[in-house]
Amino acid sequence: MVSIRPDEISSIIRQQIESYDQTVTVSNVGTVLQVGDGTARIYGLEQAMAGELLEFEDGTVGIALNLEEDNVGAVLMGTGLDIQEGSTVKATGKIAQVPVGEALIGRVVDALGRPIDGKGDINTTETRLIESMAPGIVARKSVCEPMQTGITAIDAMIPVGRGQRELIIGDRKTGKTAIAIDTIINQKSEDVICVYVAIGQKASTVAQVIGTLEEKGAMAYTIVVAANANDPATLQYLAPYTGASMAEYFMYKGKATLVIYDDLSKQAQAYRQLSLLLKRPPGREAYPGDVFYIHSRLLERAAKLSDALGGGSMTALPVIETQAGDVSAYIPTNVISITDGQIFLSSDLFNSGFRPAINAGISVSRVGSAAQTKAMKQVAGKLKLELAQFAELEAFSQFASDLDAATQSQLARGQRLREVLKQPENSPLAVWEQVAIAYAGLNGYLDEIPVPKVSEFAAGLRDYIKTSKAKFADIVGSEKKLTDEAETLLKEAIAEYKQAFGV
């Protein structure tokens, strides 16, 4: 018969009690009530935060947007085809973050920072919240450095500075993206990190843009964030914030950055779609009441930081598409009121062969000459006025039969100035080239040249200066102003080239 030893039993029980490890995992779990059209209604997520990431049973991730009394309205970052009514949802306790860092440069990513260019994983350990606070007043400095676009009409009349928000607005097919891409190409020697955010565009259009950037060697300093037309509305809504986060990383490291949001009309439409599906009350043009805030909180993140924070900058060039030139619609007026000026592209000018089709009359930069080099300020100060007076005279001259000599000469000069501002796509100009051509046009050196030959003369003059008067380019490039010596060299170059041109 086996003898029972109580002391042995008690020691075993004691060991078991001591080695017992009670780990309790508390998770906030809910149940799907309804799912469809990229949204879901969930019951039971009492502790959910606004903007919190939610994980569905099939691995789909969503964001809690509507926190209601008895349910949570979430938007999905995937198709959600495998989510069923009654399936469980877990709150992650996290807010959306994206990878940031040097490893992203030259890559094409989606709205969550995942690579979509087939070049393998992105090796970076750093992440940043998609939504982050914009710099405050003390953290900022006034815009004082130029962000050269390489487009004479913009750099001379509507200058953009580092840290500015300048809206590019116009009808479809008026060259909005072309201006943005030219600006990226022009940063090649400027040490600026560029982020191009494509929102709701055709994949073929985005591929074309990437092809242009690669051809011009611009992908070496550019990140492309693409939320294509076939991507869920949630990703189209998030893409601009992702681009801003990636640029912010470099801005806080003291670097200059440029972000292009192409275009925010499609982001607003994606947000309207999500809001209506979540049963939020519609307002003007069926947009929700907070559509202004989605753009203001995005564009306020662009800044020129104070020297104490490293002096970095984020320049934002948002794009807005208008319908039949109507800038008084809801989204265009919202974004115009948030930005520091707008470049208005006119379909009439575009169709009449004036490209870039910038309407100088209603385009404005609220930063103004603070964002111009001294050389450009000296030369182009009266360019906008000359063109405005010319446009007025041109309209008047259509009704007048005989014009006096002064009016005729002003009309002739205006026509030549307009020709000078024409520029082919993907061929941005250096500052000295812009200064030389603007100087020649404004000071009457082109008055004897026939209007159809002005563009040819301007291109030839630039080449002549590059080869024969390279010192002019050096002076303007290094001193950033038009010195007496530079002006003399320029006058000589114009006179010599006019002779060679046969004028």
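Every residue, even glycine, has its Cβ placed from backbone N, Cα and C.
Sequence annotations record features per position, and here Swiss-Prot assigns ATP binding site to Gly170, Asp171, Arg172, Lys173, Thr174, Gly175, Lys176, Thr177 based on sequence analysis. Following the DSSP three-state reduction, the secondary structure of Gly170 (ATP binding site) is strand.
Look at Ser363 (site 'Required for activity'): DSSP puts it in coil. In sequence order, Met157, Ile158, Gly341, Gln342, Ile343, Phe344 constitute the residues six or more apart from Ser363 (site 'Required for activity') in its chain with CB-CB distances below 8 Å. Swiss-Prot lists Ser363 with the feature site 'Required for activity', giving sequence analysis as the kind of evidence.
Annotation for Lys176 (ATP binding site): spatial neighbours Ile168, Ile169, Gly170, Asp262, Asp263, Val319, Glu321, Leu345, criterion Cβ-Cβ under 8 Å with sequence separation of six or more. Most buried of the binding-site residues Gly170, Gly175, judged by other Cβ atoms within 10 Å, is Gly170.
Cβ neighbours within 10 Å of Asp171 (ATP binding site), excluding its own Cβ and spanning all shown chains: 18.
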